[in-house]
Amino acid sequence: MDVKAAPNGVATIEDRILRITGYYGYYPGYSSQKSTTRSSVTRCKPGPNCPSSHSSISRQLSPLSVTEDSSAPILELQSRGSSGVCGRRVERQSRSGDDGTQTRPESSSQENGLKARCLSCTSMVLKTIWGLLIILSVSSSWVGTTQIVKITYKNFYCPFFMTWFSTNWNIMFFPVYYSGHLATAQEKQSPIKKFRECSRIFGEDGLTLKLFLKRTAPFSILWTLTNYLYLLALKKLTATDVSALFCCNKAFVFLLSWIVLKDRFMGVRIVAAIMAITGIVMMAYADNFHADSIIGVAFAVGSASTSALYKVLFKMFLGSANFGEAAHFVSTLGFFNLIFISFTPIILYFTKVEHWSSFAALPWGCLCGMAGLWLAFNILVNVGVVLTYPILISIGTVLSVPGNAAVDLLKQEVIFNVVRLAATIIICIGFLLMLLPEEWDEITLRFINSLKEKKSEEHVEDLTDVSVHLRSRSRVNGTVSIPLA
């Protein structure tokens, strides 16, 4: 229904409303021309044709204006509105495209991070499993060696011959290593090439006759002396006492490294060394300072001291060695023992110090079992450093003490009094303190701080949960509660 024009020139009700409300850009006849412009104005859609649509809108709206000044605000609003919508849509598309390109590398980096974490977790689990197996193997081989020596002493007591015989088995260390190399390595090398590669532990020129005599002789003597004193101690003391006293070598290694190699001073290791010395004195006191007990303790402490000196000199002159270099070096010690130290058991045999009736009377089963377990112990110690954490190897060594104690109790060869038990525990605790890393205090502080942060976070979460619960209850009851946090 048409409405007649009013005296003030307003033709329709819509024009009246627009005039009363003060619509920006109002001009007379706006409502009558609006219907014609709706059909001609096209909405802007995102795409390359958006600017052309803007120009068509301006061309179609320009005849509607009565004057240039009255139509300018409308054109400006129309163009701004349309360009704003189009621009926002185009910006959204471009942003979504940019976000898509940015999320792809982020997602790929997240996938790589997850893969790396999975691999690290898998390697950690494998190292732990290997560590547990090697702990059992190391402790079992050391306990077996000690107990077989005690059994052999019942019918055959020639400690130096037993030491010489077991040291000769070290020659098989490198062949065992090379067999593992052939079984696991992708690029296999010849025995001579691998031998030359591993001989770099002696220097860039490899193993020469001069280096063979200069470097191998002192280490071979220390190796033989360590094992010989250990076997002598087993004649005077029980297997539990000797294995516990031998654990003092960690304390002696620290003291020698601190004095000779100028290693870092650590108070906790000084405490461990004092505990080891205390355990030694208590072990001698356990039998009321009996003559055999004191001599046995001296032999065991001497074995631990020569073992510590061997390790410190190895670190000083040869440095660190990988598994192949260690296998080469131990096999070289076996060759040196076979060539240059064989005259010693011969002299002891003819001087009746270590004499046996015939070679057929020798307990070959016990001798081969002792030598095989000793070789297995040395191989496991060097393999364990490659497959798992070195600290687990040391734990396997200290676990030989309760292992020997269990066997001695079953054989009823030892009676544990309070002093002997306390001495054994003190030495084992000192050994474990020696295994603490150099940054153990910083690691402990970090761990304590992380625990405090977790507790504070849990406390804040509990407070927020309580406040949310109180709010919900107050809303149900129609009251307003003040949040606690």
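Cβ atoms are placed via backbone N, Cα and C, with glycine included.
Residues or ranges marked as compositional bias 'Polar residues' by Swiss-Prot: 32-42 (among others).
Residues or ranges marked as compositional bias 'Polar residues' in Swiss-Prot: 50-64 (among others).
Per Swiss-Prot, compositional bias 'Basic and acidic residues' is recorded for 88-98.
According to Swiss-Prot, the compositional bias 'Polar residues' annotation covers 99-111 (among others).
Feature annotation from Swiss-Prot assigns domain 'EamA' to 225-285.
According to Swiss-Prot, the region 'Disordered' annotation covers 32-64 (among others).
Marked as region 'Disordered' by Swiss-Prot: 78-111 (among others).
Taken from Swiss-Prot, the feature transmembrane segment covers 129-149 (among others). Beyond the transmembrane segment (129-149), the same-chain residues lying 6 or more positions past its ends with a Cβ under 8 Å from any Cβ of the stretch are 162, 231, 234, 239, 242-243, 366, 369-370, 373-374, 376-377, 380-381, 383-384, 387-389, 392-393, 395-397, 399-400, 403-404, 407.
Swiss-Prot lists 156-176 (among others) with the feature transmembrane segment, giving sequence analysis as the kind of evidence. Long-range Cβ contacts of the transmembrane segment (156-176) within its own chain (Cβ-Cβ under 8 Å, at least 6 residues beyond either end) map to 149, 195, 198, 223-224, 227-228, 231-232, 235, 327-328, 330-331, 333-335, 337-338, 341-342, 344-345, 348-349, 354-356, 362-363, 366-367, 370-372, 374-375, 378-379.
The transmembrane segment feature in Swiss-Prot is assigned to 217-234 (among others); the stated evidence is sequence analysis.
Summarising the annotation, Swiss-Prot assigns transmembrane segment to 241-261 (among others) and lists sequence analysis as the type of evidence.
Sequence annotations record features per position, and here Swiss-Prot assigns transmembrane segment to 265-285 (among others) based on sequence analysis.
Sequence annotations record features per position, and here Swiss-Prot assigns transmembrane segment to 294-314 (among others) based on sequence analysis.
Taken from Swiss-Prot, the feature transmembrane segment applies to 329-349 (among others), supported by sequence analysis. Taking Cβ pairs closer than 8 Å, the transmembrane segment (329-349) reaches residues 158, 160-161, 164, 167-175, 201, 207, 212, 216-217, 219-220, 223-224, 318, 321, 355-356, 378, 382 in its own chain, all 6 or more past its ends.
If you look up Swiss-Prot, you'll see 359-381 (among others) marked as transmembrane segment.
Residues annotated as transmembrane segment in Swiss-Prot, with sequence analysis given as evidence: 383-405 (among others).
Residues 142-143, 146, 230, 233-234, 269, 272-273, 275-277, 279-280, 283, 286, 296-297, 300-301, 303-305, 307-309, 311-312, 315-316, 394, 397-398, 400-401, 404, 414, 420, 423-424, 427-428, 430-431, 434-435 of the same chain, all 6+ positions outside the transmembrane segment (241-261), place their C-beta atoms under 8 angstroms from a C-beta of that stretch. Proximity of the transmembrane segment (383-405) to the transmembrane segment (414-434) is established through 3 or more Cβ-Cβ distances under 8 Å for residue pairs spaced 6 or more apart.
Counting Cβ pairs under 8 Å that are 6 or more residues apart, the transmembrane segment (294-314) and the transmembrane segment (414-434) reach fewer than 3 and are not in contact. Residues of the same chain lying 6 or more positions beyond the ends of the transmembrane segment (265-285) and with a Cβ under 8 Å from any Cβ of it are 241, 244-245, 247-248, 250-252, 254-255, 258, 293-294, 297, 301, 419-420, 422-424, 426-427, 429-431, 433-434, 436, 438, 440. If you look at the transmembrane segment (217-234), the same-chain residues 6 or more away from its ends with a CB under 8 A from one of its CBs are 146, 149-150, 153, 159-160, 162-164, 166-167, 242, 245-246, 296-297, 299-300, 302-303, 306-307, 309-310, 313-314, 329, 333, 336-337, 340-341, 374. Mapped onto DSSP classes, the domain 'EamA' (225-285) shows 50 helix, 0 strand, 11 coil.
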